[in-house]
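S.K.: Questions regarding the structure given below will be posed in turn.
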């Protein structure tokens, strides 16, 4: 178990900056999600911690020990790859035992720990199978068992669930979280799936163009994204811009959003309320209902506001009484106005 | 419905396969059958000679130890050339598959395939110029080293091995390259993340996974080298008597086609036996 810290990491590929002065601390025993669009540098950061990417400048610490000059094989990490990277010439048990065999663990000890690891990922009966005889979810769990059996200091997961279909992914998220809790290992994982990041992590970091934009506990970052990129990337948000006045933010159509002191404000679609009559909410504006989309328990309404689209999420029951189209009011409570610093 | 589709598929398969099978019949099966027939004759069945069916040609192989000794010598040559080619070619394939990228890979590939493009006689004679006493290699070594070295490699088994390795190296490089390219880089990274050193990765991962390619290349080299005659004759000189040169003599010099044919079929049988004995290993490497 270990605390991981990176300081001022810089890595360039030609003209592109994959990592641009990234400084971040990954708490001991935590589950840290690195989130960002493709090309944001999140995988580069993970590979720099693993040792596959050598940053031009900056430092990497595991347990306060500088590891920039320590090769991958001596860093004491466990890694799960996007395609699982199971050794096709070995059985499941041999795959899991590989890291132990390298460490010259005695045969009895090896057997016991492989059995333990397979037990942990609930594949105790699959030791003799070859990887090609397993389903995607089973392979994922073998990769997990192989990575943790050596008791690494840090567990690194590179888009661990992206190759699975949606239903399986949700199961595996729960499974991953359980395993991580059970062994309490410091875990860093990379994903482009914001929902996955919010579900799994107890801290997240958001990267864009090689820079760390924001980090913190998921709820904190979600509730107060501070900048429009984080607001729209992590969850959905409608951004309104205008001019700051004494009473609040004056939008282009003359609406005053009270209490806002920044030129942009974001509102999450689930916090918007629709009504035909003018609502009793301090933040409200008028728009035209364009489309109602039925989605089972939840529904979506798309509004037209001065040629732009406003998305409203809600229970389908809330939308049932609305007309198919026509003028409607959109309102939200002042505490749901997210003021944007950037 | 299903049967008609299957029928259509079969028709298509026959149409697509027939040119190849026709060619194999004309170019391989017919001459081979003729040779098999010759090998049981007392003399060639043309030019007004007397001939009858006999087993004498096969008996000749077992009557003296000469042929068996030469066959053994040729098999050893095949093993040595194959081993040297694999040892030299595999690292080269590794570099091509995993280290270089883009244009430099293309350039290196061209260099690898070059032996295929040159005439084999030209190739062998240029080796003769390089290897002979006071030849290119001799002078080069003496120019670098301060003391006098007599490097007369020409007309030695070493010269034969050098010539044969040069001719057949591309096979093992190409087959190993294909096998190595199919190995996902993340497998190597995974092994490293588990603490494996380079040597462990090579023995436990790279070699087992590329074994089918290496073995395919080795077979492609071993079989023709055992029957080779040009390189042994031209680079081996007086020492260059091998099983292949003896067969060639029967056809070209002595005009004893039946004996040459019989010796060829014995070689074929021995090579097939060796491959059959090795096939369990081949099969295991494939899974």
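Note: Cβ is positioned from N, Cα and C throughout, glycine not excepted.
Nobody curates TrEMBL annotations by hand; they come from automatic prediction.
For B:71-278, the entry in TrEMBL reads domain 'ABC transmembrane type-1'. Annotation source TrEMBL lists transmembrane segment at B:20-41, B:77-96, B:108-131, B:151-180, B:201-226, B:259-282.
Provide an account of the burial state, proximal residues and distances for the features listed.
M.R.: Same-chain residues lying 6+ beyond the ends of the transmembrane segment (B:20-41) with a Cβ under 8 Å from its Cβ atoms: 51-55, 57-58, 257-258, 261-262, 264-265.
Nonlocal intrachain contacts for the transmembrane segment (B:77-96), taken as residues 6+ away from its ends with a CB within less than 8 angstroms of a stretch CB, comprise 105, 108-109, 112, 157, 160-161, 164-165, 168-169, 171-174, 176-177, 180, 206, 210, 213-214, 217-218, 221-223, 225-226, 228, 232, 242.
Sequence-distant contacts of the transmembrane segment (B:259-282) (same chain, six or more residues past either end, CB-CB distance under 8 Å): 35-36, 38-40, 57-58, 60-61, 67, 71, 74-75, 212, 215, 219, 222-223, 226-227, 243, 246-251.
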S.K.: Using a Cβ-Cβ cut-off of under 8 Å, list the residues of the same chain that are 6+ residues beyond the ends of the transmembrane segment (B:201-226) and lie near it.
M.R.: 74-75, 77-79, 81-82, 85-86, 89-90, 93-94, 164, 168, 171-180, 182-183, 187-188, 191-192, 243-244, 267, 271, 275, 278, 281-282, 285-286
